[in-house]
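Listed in Swiss-Prot for this protein:
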type: ACT_SITE; residues: Ser25; note: active site, schiff-base intermediate with substrate
type: MOD_RES; residues: Ser25; note: pyruvic acid (Ser)
type: BINDING; residues: Thr57, Gly73, Ala74, Ala75; note: substrate binding site
type: ACT_SITE; residues: Tyr58; note: active site, proton donor
Amino acid sequence: MQEIMLKSKIHMAKVTDKSINYMGSIGIDTELLEKAGMKPYELVLVADVNNGQRFVTYIIPEEKGSKKIVINGAAARLVEQGDRVIIMAFGMYDSNEYKGPKVIIMNEKNEIVEIKQEGV
């Protein structure tokens, strides 16, 4: 039986910008996407640590090395520039193949502080 499990997470990223009039999505620095094993147009759950809001959206790539985290569309009304967010991607796994999520921990400058492979 397959189960939906946490695949990867970018923990405590800082929102650098938001655009209500853009068609939707979360823009993420391509370097972070590569390190986290996330892909453009992948479905993600985003949790705002500052206000508790959660929303589902999809990823669009931002320039590699830009350190940008940009919330677009209607979800931009749920966050403020400078808020810290947790970005979570999920996958479907057989219980015997799941090894745990990859976790990217960020600092306040959107620099990677630690990369962990959590075990189950």
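For all residues, glycine too, the Cβ spot is worked out from N, Cα and C.
Mapped onto this structure are the features recorded in Swiss-Prot.
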{"residue": "Ser25", "record": "active site, schiff-base intermediate with substrate", "DSSP (3 states)": "strand"}
{"residue": "Thr57", "record": "substrate binding site", "DSSP (3 states)": "strand"}
{"residue": "Gly73", "record": "substrate binding site", "DSSP (3 states)": "helix"}
Validating a neighbour-count step here. Other CB atoms within 10 A of the CB of Ala74 (substrate binding site): how many?
13
Around the substrate site formed by Thr57, Gly73, Ala74, Ala75, which additional residues qualify by having Cβ within 8 Å of the site's Cβ center?
Gly24, Ser25, Ile26, Phe55, Ile71, Asn72, Ala76, Leu78
Extent of the substrate binding site in Å [max Cα distance among Thr57, Gly73, Ala74, Ala75]:
10
Just to be sure I understand: of Ser25, Gly73, Ala74, Ala75, which recorded positions have a C-alpha no more than 10 angstroms from the C-alpha of Tyr58 (active site, proton donor)?
Ser25
Specify the count of other C-beta atoms within 10 Å of the C-beta of Thr57 (substrate binding site).
18
Give the distance between the Cα atoms of Ala74 (substrate binding site) and Ser25 (active site, schiff-base intermediate with substrate), rounded to the nearest whole Å.
9
Do any residues at least six apart in sequence from Ala75 (substrate binding site), in the same chain, have a Cβ closer than 8 Å to its Cβ, and if so which, in order?
Gly24, Ile26, Val46, Phe55, Thr57
Counting across all protein chains shown, how many other Cβ atoms sit within 10 Å of the Cβ of Tyr58 (active site, proton donor)?
13
Provide, as an integer number of angstrom, the distance between the C-alpha atoms of Gly73 (substrate binding site) and Ser25 (active site, schiff-base intermediate with substrate).
7
